[in-house]
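A.B. asks: Questions regarding the structure given below will be posed in turn.
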Amino acid sequence: MAALRAAKQGLRKELKRRVATVTDDEKRRQSLVVSQKLFSHPKYVSSQRIAVFLSMKDEVNTQEIIKDMLKCGKSCFIPRYESTSSHMDMLKVNSLQDIETLPLTSWNIRQPARDDNSREDALASGGLDLILIPGLGFDRARNRLGRGKGFYDNYLERCKKHPKGKPYTIALAFKEQLCEKVPVDDHDVPIDEVLYEDEK
């Protein structure tokens, strides 16, 4: 167990270093390529209730995706993380302006306030069709390396108990985030698909 944790920590450091060398322009370019691939993806097209992360600097930028979701009339849910645990809820947002008014966390991510009970919670209502997932690294067996808090693994376990069942999961990645092999254990939930820019 300790060896696995050390292997994950080592890989996280390596991947953070790798992504840090990618220019902002290149990140923007790859983000648009990944967004376009998503827009034509059958799962995205057919999904009505979608959870999406608000991206940090070292993640595929999701702004165009959120704009498209809202323009197409899809229900858009974003994470509310609890910093003291590995608990996360997906809460509905109604517009880009709505997102811009949300408070910032210590990670500099906007999310609904803890005492904001006015929003629809995906698992307390109709569930989700699709979750777009961030991560630090991915391999071709669709294993994911997160930041070590377990937010998404725990959330996906909770999704399985919803009447709708586990939603389809698509990770959004820079090609620099692909690895030979991500070290995993039984708690790590594999992703259904990883979208990134294919090498031509």
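A Cβ is built for glycine as well, from the same backbone N, Cα and C atoms used for every other residue.
The structure displayed is predicted, hence computed values, not measured ones.
Below are the features listed in TrEMBL for this protein:
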| type | residues | note |
| --- | --- | --- |
| BINDING | LYS8, GLN9, GLY10, LEU11, ARG12, ARG144, LEU145, GLY146, ARG147, GLY148, LYS149, GLY150, PHE151, TYR152 | ATP binding site |
| BINDING | LEU54, GLU59 | substrate binding site |
A.B. asks: Just to verify a number: CA distance, LYS149 (ATP binding site) to GLU59 (substrate binding site), in angstrom, no decimals.
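C.D. replies: Counting only the Cα atoms, the answer is 17 Å.
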A.B. asks: With Cβ-Cβ distance below 8 Å and at least 6 positions apart along the chain, what are the contacts of LYS8 (ATP binding site)? List them in sequence order.
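C.D. replies: Sequence-distant Cβ neighbours: LEU145, GLY148, PRO183.
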A.B. asks: Looking at the binding-site residues GLY10, ARG12, ARG147, PHE151, which ones sit with their CA no more than 10 Å from the CA of GLU59 (substrate binding site)?
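C.D. replies: Correct set: empty; none qualify.
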